[in-house]
Amino acid sequence: MIILLKCRLPQGKIVGGSSKLNNMVHVRGNISHYADWFHRKYSNDYIKKQFEFVEKHFLHLDDLQYESKLVDSVLSAATEFGYKILESEFDLGFTKSLLSQRNGKRWSTSDNLDMSKVFSNFLVEEILFIGNTAVGVKCSLSNQKIQMYAKKGVILSAGTLNTPKILQLSGIGPAHILKSLGIPIVKDLPVGKNLQDHVTTGLDLVLFNKTVSISALDMINPINAIKYFIYGTGSFTSPGCEILGFLSTKKLATPNIQFMVLPVGLSSDRGSLLKNILGIKNNVWNNYFNRINKYATTILPIVLHPKSKGTVYINSTDPRLPPVIDPKYLSSTVDRRTLIDGLKLIKEFVNTESMKKIGATLNDIKFPGCEDHVLFTDEYFNCYIKHLTLSTYHPIGTCSMGPPTSKNSVVDTSFNVIGVNRLHVVDASVLPTMPSGNINAAVAMMASLFFETNLKSQQRMFTDVLNYCYVYDWFIEYVFRICLK
């Protein structure tokens, strides 16, 4: 019997996208992986400089403005566990979260935008083509249909779930999908394949006899509100993740698991908000989370480089309908093994003297559906992750970057859609593999690299054309990129 389950995948339908919803955690990740994305077209040093540029000019980065009692104990346990405390470079170890905040408040790259040049509430229905050249987009605003035409090209940045939807509606995607819906084929490409995400588990798995984290009283204390709005400090500034750990379940030099240490558990609000946000069913809530009579925190073990790959395909030509998303979480036995080993690392971590000193124990309430298994064995954890696995909302890969000759590539290493003129994709959908950590920093770096190598170089080209033209008709020469003689 096959049981189909649904999980929630919220999106940032706002200027700034999902960077307006995330944990604000800034992680560069393993820079050598990004060089591999571009097939060594750019060096590690060049990519590192792109990060530095973004961090200096577009993102405001800040340290934690509030730390729970959990922070020092976790870092002490990390050193006891044999891991170093990281300062800046990515490596095996633990570190306090670095945040995209300004004065304790969320900061996104979109906060740099001149909003007078941004059109909102438009639904992009499809890309307009003349032959295989992108010339604009077809949009709708309420019931009004609008066509917008591009002077130089179209940049698609609708995200990992909506970019493949728009491309497929426009005739770019797997031929069998387009033919089944009667969509004329502009280019047969593997759009919508290779969906990857960071999956995790472990909600409320670590318990304490007394609070060591943020309490509900902290969140309604007016003093903390004053600290936040006036000084940019206090518990209101908490990103929800205070500590990051990068570990290897295979004792290798590069991590395959990330710990995100959250100072509160799902049960902390007694079911008033978090339960519904995550879609926890009533029987699971009543028989597990609601039975917790201690203070809960969460250490999330995240599979950094999943082998499981899903799909995003349209099943209608109606642009108002969402695509069908099949993430195929944990379809790979390798991912299941990695996640189980991550849970076993948490078990070892909680047994360190530093964690015992603050009363840390594992939650010994058996998860509903796993009552027949012995607690904390491989068999129990295998059952546990089948019942409690969630996304960290880091989807990537549905318009993968790669060589034009590869059957897996949608865009080339210059962000151009393969086989189509004047169409670029610049968002998380082009990432061919998962970054080693939260993805916001990597996406911002990639966008900066696109600007540096495409738009900025075109600006230089236009300047050179104008400098060496014999006849100066500025309008024609600039718009049509030609030199009149």
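Each residue, glycine too, has its Cβ placed from N, Cα and C.
For ASN22, ASN23, MET24, VAL25, VAL124, the entry in TrEMBL reads FAD binding site.
What TrEMBL lists as domain 'Glucose-methanol-choline oxidoreductase N-terminal' is 159-173. Within the chain carrying the domain 'Glucose-methanol-choline oxidoreductase N-terminal' (159-173), a Cβ under 8 angstroms from the stretch's Cβ atoms is held by residues 9, 11-12, 17-18, 124-127, 129, 183-189, 191-192, 195, 312-314, 317, 319, 322-323, 325, 395-399, 410, 417, 420, 425, 427-429, all 6 or more beyond its ends.
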Cβ neighbour count within 10 Å of ASN22 (FAD binding site): 21
Sparsest Cβ surroundings (other CB atoms within 10 Å) among the binding-site residues MET24, VAL124: VAL124
Largest inter-residue Cα distance among ASN22, ASN23, MET24, VAL25, VAL124 [record-listed FAD binders, Å]: 30
Number of other Cβ atoms within 10 Å of the Cβ of ASN23 (FAD binding site) across all protein chains: 19
